[in-house]
Each structure stands twice: as structure tokens, then as C-alpha cells.
Amino acid sequence: MLGFLCLLIPILPAFSVPAGPLKSNGSPAKLIAVLLFGLALLGFMLVRRTTPRPTVRPGTLIILFYFLLQLAIYGVGLLNDDDAVVAGNRTRALINVVANVGVALYILSRVRTTRQRNFVLGCLAVGLTFACLVGLLQSMTSIDLRYFFAPEGFVTNTDELEMGERWGAKRVMGTSQHAIEFSVLAAITVPLAIFFARNAAKWAVRLFAVGTCALALAAMPAAVSRTGVVALGAALVVYVWNFKLRHLLVGIITGALALGAYLNAFPDTAKALWNTIVNSEADPSVLSRTEDYARVSESFREHPIFGLGLGGSPPAEFGYLDNEWLQTVVQGGIVGVLAIVVLAGGGLFGIAAALRAAKTRTDREQAYTLGSMFVAILVCTFTFDLFNFQQVVRIFFIIYGLLWCNYAVPVPPTETTPPRFLKHLG
């Protein structure tokens, strides 16, 4: 089921849902993630532990602490007098938190071996490959395969389906809600594809991974998004620590050749992306979101501890802040920021935990791969509201679980000493 979820997240648009009253809450990926939350809880209560010594899993404690903080924010938010729109937002936000935490807890409780992690990452790589293919076809042709895997009877729960333009170039979305989300997905596909290209057991899989890497590198700029460039740069900064100098030289030469080929093949897209980066200060999207930042400071002064509560910031009032930290300040205040810090810090320490638990070269490279993907998404929390995009945030928690799933701290045995007066009696 976990592998199917990893395959389903990128290939099925988050806004494609069954017809009915559930709307966005009926997304198949979200429902499966909520089910995994229930299975994880049942496992903690019913599954018998067979380890010879008791152990503590820090990754589980961190994600549970994050979950408790989010529940506290949600509970305080219920005390506010909300209208129907905000009340619905709160319910959806709570379901999203349960789904995200459920995925991480299930992985932490069930995934143990390298083979299991490779299977999960392989399913994710296949799904991301399809998403990148959809985006590249949207850029080059009029073919749109977003709904290729959408089951019969599914409907779209949004009107924002048209692809926009920036500096004369079409901004593709792949199967994502927005071009920004697609660019991040394409960016994290690159280190994942490189990992399988170097470590897959079969040559056919390695060749497929090489093609996936080239596909992702070609599709990412088609979103014409600064965030994708930042994500790719952050991923590579982490991933290069796994390579030796000669590997880096080969990578730099290959990257330079690939960049030259892309500039010749897609000059309009490359020019649009460059203009987007160098002219960001005059970008209307940047100016519109910075105008909303003053409202954030006002909200923080009024609600500094718990904010407005989970899901308590309607876009009609605060706009789209495109910054997860500012969004958290509005919805969660100081406690919300603490929750994000706990999650982010837990993931960063998870990279060290995965490296420490690695027993082979492949395990070590897998840890660097997961770490590069986690850091790439984490950096983007400063450039867009991550938790409002279901594909990338679900993958974020999957990566967190995979980082920590193989690391446990054994509990030292406790020796009970008899009281002093019993020693005298003996």
C-alpha cells in the first residue's frame, strides 16, 4: 500500500477527486495516508515487539511531538468564532496533518530493510518520471496527460487549470496544482534518478534512471520558477558530499554540456527563466505577496502564542503569502513556528541518523539522496506555502520517515540494587 501511495501521489493530480461531498478530502492519496495513520496506531497498540532489548526511535518521538503541537494549535483555534469557510478550512487542515503524520508513522513502524526503502523510492521515482513527462509534453506540444490515470467519474475541484505565462513562455504544471510545486518535484527527481542510475541492480533500470534524470532536468525550467532553481541547487549542494573529486569533475562537464544543449533546444524558456531570476524585484507576483506581509505582523501582535489556529487564515484576507513560515506565524503563532522547527530540525538530524545507520556504500548514498531531497523541499518553505500543496508535502513526510526508519537507540538495562538495610541483614 505504501508503494502504491508513492506511485499515486505524482501521477494523479491532487485536484482530481471522486464526485461527491468530500471534495478535496476525497483525494485517493489523502485517504490512503489517513488509513496509514490508523494502521500505524493499531500497530503500536497490537503488534508484539520481538527485539531482545527495548529501543527508542527518535524519529517517532519527534513526529509525535510535532503532531501534538499541531493538535494544540487546532484546539485553540476552535475557540474562535468562525464562519463556515474558516471552519471548513480548519477541518481540511486537520485532515492534512493526520495524513502527513500518518505516512511518516507508518514508514517508521514498518520499513526496516534497504530493499524496502529501495522499493518505496522506486515507486516514487516512477511516479515522478510520469509527472516530469507530462510537464515536458505540456511545454513542447499541445498534449496534456494530466488526467491519463484519473479514474472514470473523477472531477476537478478547482477552476485554476489554465497554464499561465511568464516573460512569453508557458508555465507548465505537470500533474501539480501550480507550476511552483511542479518545479520542486522535478528538482528532487534529479538526485533520486542519479541514485538509481548508480546503484540499480539491472542495467535496464540504470538506463531508465539516466533518462529520468535528463527528463527532470529538461522539465524543471519549463515551470519558469525561481523556486525550482533554488530546490535543485540545494539538493545538489547536499548530494555532492557523496562523490569523490573525479566524479564531481565528470558531473560538472556533463552539466555544462547539458546546459548548452538546453539553451540551444529551448532558448525561449531559458530566457524567460533568466529574466524571472534577475528581475525578481519587479515581478508582480513578488510585489503582491510582500504587500500582504504587513497584515502578518498585525495578526502576530494580536495572536502571538497560538495564532488564528490551524486553517484559520483565509486567502481572501491574507492573500497567498508564498512563505510557509509566515503562514505558520498567522495560523500557529510561536507554537506553530516551534512545530515547524521541530519537524525541520528532526529531518536534518535524520540525515545524520541515516548516515550513522548505513552499513554499505549503497546505504550511505541512499542517505545522501534522501537528505538532498529533504533539504531541497525544506529550503522552498521560504518561497511558497508548502503545506497547501498536497503532492510535495506528502513526499516531504515520506522522506522524513525513510531517513529515520532504520535508526533506533537501545535502552540501557536497569540494575535494581537491594536497599542498604537488606545488605546488612544478609
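Every residue gets a Cβ built from N, Cα and C, even glycine.
Residues 225-241 are the range that TrEMBL records as transmembrane segment, among 4-20, 225-241. Here the transmembrane segment (59-79) touches the transmembrane segment (329-355). Their Cβ atoms form 3 or more pairs under 8 Å, with each pair 6 or more residues apart. In this chain, the transmembrane segment (248-266) lies close to the transmembrane segment (203-219): three or more C-beta pairs between them fall below 8 angstroms, excluding pairs fewer than 6 positions apart.
Distant neighbours of the transmembrane segment (225-241): 171, 179-180, 182-184, 186-188, 190-191, 194, 248, 251, 273, 276-277, 280, 351, 368-369, 371-373, 375-380, 383-384; these residues of the same chain sit at least 6 beyond its ends, with a Cβ under 8 Å from one of its Cβ atoms.
When Cβ-Cβ distances below 8 Å are used as the criterion, the transmembrane segment (203-219) is approached by residues 125, 128-129, 132-133, 135-136, 139, 172, 174, 182, 186-187, 189-190, 193-197, 258, 262, 266 of the same chain, each at least six residues removed from its ends. Take the transmembrane segment (393-411) and the stretches 91-108, 120-140, 367-387: counting Cβ pairs under 8 Å, 91-108 has the most.
Model confidence over the domain 'O-antigen ligase-related' (212-340) stands at 83, taken as the mean pLDDT rounded to a whole number.
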